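Taken straight from TrEMBL:
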type: TRANSMEM; residues: 69-87; note: transmembrane segment
type: TRANSMEM; residues: 93-114; note: transmembrane segment
type: TRANSMEM; residues: 126-143; note: transmembrane segment
type: TRANSMEM; residues: 163-181; note: transmembrane segment
type: TRANSMEM; residues: 202-219; note: transmembrane segment
type: TRANSMEM; residues: 239-259; note: transmembrane segment
type: TRANSMEM; residues: 350-372; note: transmembrane segment
type: TRANSMEM; residues: 392-412; note: transmembrane segment
type: TRANSMEM; residues: 424-443; note: transmembrane segment
type: TRANSMEM; residues: 449-471; note: transmembrane segment
type: TRANSMEM; residues: 500-522; note: transmembrane segment
type: TRANSMEM; residues: 528-549; note: transmembrane segment
Amino acid sequence: MTLLTEDQPCRFSAPGSPLASMEHYPVDSGPKEDYLDCMEPAVFGAVEPPKRSRGRLIMHGMVMFGREFCYAVEAAFVTPVLLSVGLPKRLYSLVWFISPVLGFILQPVIGSASDYCRSPWGRRRPYILLLGIMMLGGLTLFLNGDAVTSAILEDRNVKRTWAIVVVMFGVVMFDFAADFIDGPIKAYLFDVCSHRDKERGLHYHALLTGLGGACGYLIGAMDWGHSALGVMLGSEYQVIYFFSSLTWGIFLTMHLFSIPEKPLMIDHSSDSSLLLEDPHHNGYGTVYKEPPPLPEMRQRSFSALSEANAVTPSAKQPNSEGQKRMTLKSLLSAMISMPSHYRCLCVSHLLGWTAFLCNMLFFTDFMGQIVYKGNPYAEHNSTSYATYERGVEVGCWGLCINAVSSALYSYVQRLLLPYIGLKGLYFLGYFMFGLGTGLIGLFPNIVATLTLCSVFGVMSSTLYTIPFNLISEYHKAEEEQRKLGSDEPAVESRGTGMDCAALTCMVQLAQVIVGAGLGALVNLAGSVIVVVLSASTVSLIGCLFIALFM
């Protein structure tokens, strides 16, 4: 038989059909050496995508820059905007409740649905585009709601009520879409990249996430109200909106056109097996059953399609759920019955995000009240309130340090990975964050606090990369077991969309826990210093969980 070459990766026809030709997987245009080193022989219909150029991966990761830029703007201004429109204190926690509750319910449903989406534009990008538009809409209402209602309405009480409604709706919509979009973005990366490129892509994601956050916090730390741009656009919030919407629109567009995504189609000639093909049928796909191994060809240890999508039924499941969409009930059942290593990963991710959000959502308030000893409830023309505002501004600079350290640590991770592995990096991130926040709580002075803000970036980079790298490794190991013919339920195909969604659900659940419990804890303790101490405690508990159960 003709052996496959590295220059021309291809896939086999379905078993039982005549082998007329081998269809080639379309590769990125560019130098030949850009993809030769990853083109090992493909076996039995499962072809690993070509190596992606650095430019393509950076374009793909630019969406994380834009997303984190907008996130930073929201983190810096959500409290001032909500307070400026007159939101009652008793409703403040409601803002953080609505979005994560909706996300926790809908995230896995949408994640699973994207595994089966047959849009001509691909499976993930339609969801990314829709959620990107929702993010822009939420940002528009959040930063411009007060100005719009003031221009339309004249009655002061009515204007105040509608301003609160519009701004709250914008915050909820933005949070919902920004949290939701992470799952499809990661699944999109997994779909179109080889295993090696997934690691490179996640590295660029972490790097650009840190840079985006740094730029967003810098924009928020500047006084735009008295600048020429502020005078021209009307207010500081309009200037912030201009930069945020422009950044998000450009980088979202770059992301959507970064790497071609193949649509999911049904091959009616092979007993309803699911394929990933382009309109000209020269894409890659999987077949319904795998033929017996051929002696002169070694099997791949990893199938990119099975790892990324895991939607093709195995040979021993002729009419499994690959042919139907999951309902909410069946999806929740699948999540509950997930293999133990996935469940442990979700629990550790929940602990990590709970600790991280405890600190990040209230850090500027902690700087203003504890470090600078200001009073947010004092008269706005008082020295105490001015001191609090100064603390909030310095807190924004601290969060900027966090973002820069996140970008730098993404490089350090690559250096440490060969020595301590993914589990070691996971443990190290949680331990450094727990230790750093504990020291901030015990010694709340300006220099120590700003210096230790760098450990926030270590945790941020860890949460954005390591869990998804572990998912990739889990799918790779399961594919190896399937190649060996394992009958264990733990190695049945699982959709990456659902697994990424399950992880993102933990972020929303962490927001619910923080929103429900931290406010009551602060009221009980009488000081926001309990915020950083809680973050430290939960993070160290996460360390123990990783060490014992991961």
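Each Cβ is built from the backbone N, Cα and C atoms, and glycine gets one as well.
Curation does not apply to TrEMBL; its annotations are automatic.
Since the structure is predicted, the reported quantities are computational estimates derived from the model, not experimental observations.
Looking at which of 69-87, 163-181, 202-219, 239-259 has the most CB pairs under 8 Å to the transmembrane segment (350-372), the answer is the stretch 69-87. Of the candidate ranges 69-87, 202-219, 239-259, 392-412, 500-522, 239-259 has the most C-beta pairs within less than 8 angstroms of the transmembrane segment (126-143). When Cβ distances are compared across the two stretches, the transmembrane segment (163-181) makes no contact with the transmembrane segment (202-219), since fewer than 3 pairs at least 6 residues apart fall below 8 angstroms. Annotation: stretch 392-412 has the most Cβ pairs under 8 Å to the transmembrane segment (449-471), among 69-87, 239-259, 392-412, 500-522. Recorded stretches compared: 202-219, 239-259, 500-522; the one with the most Cβ pairs under 8 Å to the transmembrane segment (392-412) is 202-219. The transmembrane segment (202-219) shares the most Cβ pairs under 8 Å with 69-87, out of the stretches 69-87, 239-259, 500-522.
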